[in-house]
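Quick one: the structure is below, and I'll ask about it shortly.
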Amino acid sequence: MAHTPEPDPASGNLGDERPKWDNKAQYLLSCIGFAVGLGNIWRFPYLCQTYGGGAFLVPYVIALIFEGIPLFHVELAIGQRLRKGSIGVWTAISPYLSGLGLGCVTLSFLVSLYYNTILAWVLWYFLNSFQHPLPWSSCPPDLNRTGFVEECQGSSAVSYFWYRQTLNITADISDSGSIQWRLLVCLAACWAIVYMCVIRGIETTGKAIYFTASFPYLVLTVFLIRALTLPGATKGLIYLFTPNMQILQNPRVWLDAATQIFFSLSLAFGGHIAFASYNLPRNDCRKDAVVIALVNSMTSLYASIAVFSILGFKATNSYEYCLDRNILSLINEFDFPEQSISRDDYPAVLMHLTTTQPGRVARLPLKACHLEDFLDKSASGPGLAFILFTEAVLHMPGAPGWAVLFFGMLFTLGLSSMFGNMEAVITPLLDKGVLPRWVPKEALTGLVCLACFLSAICFTLQSGNYWLEIFDNFAAPLNLLIFAFLEVVGVVYVYGMKRFCDDIAWMTGRRPGPYWRLTWRVVSPLLLLTIFVAYVTLLAWKPLSYRAWNPQYELFPSRQEKLYPGWVRAACVLLSLLPVLWVPMAALAQLLTRRKRTWRDRHVRPNTDAR
C-alpha cells in the first residue's frame, strides 16, 4: 500500500467544523438516491427497447467504463478532499473557474423547478389512486348525460385524464391559459415536503433517505414478482432484450448511450460534490464511485425488467381485445354461433372467408392485430408513467392498490433526487456565507425553497407542460456536457494530475492506476467533446418544434407537430446559455480584478518607496 504524506488542499483547511454523515450507509444511500431517479424508470427501458434490446447494453457499458465512472470518481474525490460545495471547490482550484461552481448552482436551481413539478403531477395521481374505480378507467359523461365527452371518446380515458383533467392543456404554447389550482396546491405540498426533508441539510436528509432510497426497490420487486405471473410478461421481456446488433451501426445509439450514462449518474450538477464534502477525509472515494455507478446501472436494468413485464401484459391484453372485436364482427356478419371462433383459429377462419367471400369481409371494420405493434407502443418520460403504465395498471386485479404503489414509488424516487438538487444549491450558498452567520440554516433553506416554488408556478399554467418540456430539453443537456468537460480539464490540467493523484493516495491509501489516469487525461475529455459536437449538430439539424394536444386536429388523438414561435426559440437559446454564461463572466471579472490590483500596486509602490 502506497503511503503519501498529506498534501495541503487548495482550501487551506479541512473544515473540521463541517457537518459529517452519521454513517457510511447514509452517504451511499444519498448518492444512490440522487443518481437513481425517474430517468431509470422511464428513460432507460425506452432506450433499450428502441435500440435493439440487449444490443444497447454494449455502448452503454462502454460509456459507463470510459465516461461515467471516471467522471464520477473525480467529483467524489475533489468534493471530499476540499470539503466544500461546488462554488468553493472550483474557486479553490482556480479563481478563474469560480463561474463553473456558479453555473452548477444555477443549473441545479433550474432543474429543481421542473423536477419538483413532475413530483406534483405524481402526487396528484397518487391522491387520485385511493378510489375505486380509478378516475382514468372510463370517460366522463357529457353535459347532457346522454353519452360521453367527445374529446375522451376520440382519444382514451387515460389520455383524457392526463391531458384534460390533470393538465387541462392548451392547444398552443402561445396560449398560456390560467393557473390550475389543483396542480398549484400539489406543487406547494411538494415544496413543503422537500423543505421539511432538507431543512437542516444532511442531518434531516440523512434520516429521510433510509426510506426514500429503499422503498422504490421494494416496490419494483413487488411489481416484478406480480408482473411475471401475468399473461404476456415474458413476451414483453423477450421483445425488450432480443438483440439487434445491426442497430449499433447507427451513431445515434452511441450518442444516446453516452448521454444516458451521463444524466443517469447526475454528473456535473454539483450534488455529488456537496454530498462528498461531508465525508471523512480518509474515506475510500474510489470504491464509492464504482459501487454507486454499478448500483445505478443495475437499477436501470432491474427497472426495465419490471416495466416491460407489465407493458408486455398490457400489449397482450390489447392484442387479445383487438382479436375479440374482429371475431365478434365475423360472427355477427356471417351468423356464426357465439364463441365458435377462438383466437387461435381466427387467422385461418379469416383467410378462408377472405378467399371465399372477399366482398363481405372487405366491408367489415376489421383491424390489423399484431402483438409486435402493441409492443412497439412504448414511450419515455411522462408518457410512460401517466399514460402507458396507468393504462396497464387498469388491467391488473386490485388496480387502485397497484396505482398507489406505483405513484408512491415514483414520488420517493423523485424526492431522493431532489435532495441532491437542493444540496447542490444550498451547500455552496452556505459555504460562501450569503447570509450573516446569525441567520440559521433553516432560513436560507426556506428562502431557496420559496424562490423555487414561486418560480415554478409557471408550470401550473395550462401551457405549463410545454414549458416543462423546454426546460427539460434545453436547460440541462448542453450545460452539463460543458461543465463536465471543464471539471475534468480543471482537475487534471489546472489542479494538476500529480497533485490530484497525491490527494487520492492520501485519502484512499492507493495511487490511481493507469486506467484512471488515462481516462482522466485523454479518454473522458475527448469523449465529452465528441458527445458535445454530436449533440450540437443534432440540435442544429432538428427543427425546434413541439407536439401539441389539439382536439381540433384532423389526426387527433395524434399530437400535432408545431414549430416554436420566435420568442419561444429565443427563450430556448437563453435557457441553454444561462448557466454556462457564468464561466466566461466570472473568469473575465477575475481577470479585470487582478489587472486592477496590479495597476494599483504599480502606482502605490513608488510613492511608498519614496517615503
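One-based numbering along the chain as shown.
Cβ coordinates come from backbone N, Cα and C, glycine included.
Computed from a predicted structure; not experimentally measured.
Reproduced below are the annotations present in TrEMBL:
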type	residues	note
TRANSMEM	27-45	transmembrane segment
BINDING	G33, A35, V36, N40, S264, N296, L413, S417	Na(+) binding site
TRANSMEM	57-78	transmembrane segment
TRANSMEM	99-127	transmembrane segment
TRANSMEM	179-198	transmembrane segment
TRANSMEM	210-233	transmembrane segment
TRANSMEM	253-278	transmembrane segment
TRANSMEM	290-311	transmembrane segment
TRANSMEM	402-422	transmembrane segment
TRANSMEM	443-462	transmembrane segment
TRANSMEM	474-497	transmembrane segment
TRANSMEM	518-541	transmembrane segment
TRANSMEM	567-592	transmembrane segment
Rank the binding-site residues N296, S417 by the number of other Cβ atoms within 10 Å of each Cβ and report the first-ranked residue.
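Of N296, S417, the one with the most crowded Cβ is S417.
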Tell me whether the transmembrane segment (99-127) sits in contact with the transmembrane segment (210-233), defined here as at least 3 Cβ pairs under 8 Å among residues 6 or more apart in sequence.
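No, these stretches are not in contact.
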Show, in sequence order, which residues other than G33, A35, V36, N40, S264, N296, L413, S417 on the same chain lie with their Cβ within 8 Å of the centre of the Cβ atoms of the Na(+) site.
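Other same-chain residues near the Na(+) site: I32, F34, G37, G39, S266, T299, S416.
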Using a 10 Å radius around its CB, how many other CB atoms surround S264 (Na(+) binding site)?
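Step by step: centre on the Cβ of S264 (Na(+) binding site), count other Cβ atoms within 10 Å, giving 23.
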Between the transmembrane segment (253-278) and the stretches 27-45, 210-233, 290-311, 567-592, work out which stretch tops the count of Cβ pairs under 8 Å.
27-45
Sort out the residues at least 6 away from either end of the transmembrane segment (518-541), same chain, that have Cβ-Cβ distances under 8 Å to it, and list them.
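Contacts with the transmembrane segment (518-541): 63, 66-67, 70-71, 74, 251-252, 255, 258-259, 262, 477-478, 481-482, 484-485, 488-489, 491-492, 497, 500, 512.
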Would you kindly list the residues that approach the transmembrane segment (474-497) from elsewhere in its chain, counting only those six or more residues past its ends and only Cβ-Cβ distances under 8 Å?
10, 70-71, 74-75, 78, 90, 93-94, 97, 100, 103-104, 107, 110-111, 114, 259, 262-263, 267-269, 517, 520-521, 524-525, 528-529, 531-532, 535-536, 539, 572, 575-576, 578-580, 583
Taking the Cβ of G33 (Na(+) binding site) as the centre, how many other Cβ atoms fall within a 10 Å radius?
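Summing over all protein chains shown, G33 (Na(+) binding site) has 27 other Cβ atoms within 10 Å.
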Within 10 Å of the Cβ of L413 (Na(+) binding site), how many other Cβ atoms can you find? Include all protein chains, please.
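Counting Cβ neighbours of L413 (Na(+) binding site) within 10 Å gives 28.
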Could you give the residue numbers and ranges of same-chain residues that sit at least 6 residues beyond the transmembrane segment (290-311) on either side and whose C-beta is under 8 angstroms from one of its C-beta atoms?
28, 31-32, 35-36, 40-42, 44-45, 48-49, 60, 64, 68-69, 72-73, 217, 220, 223-224, 227-228, 230, 233-234, 236-237, 239-240, 261, 264-265, 375, 378, 384, 388-389, 392-393, 396
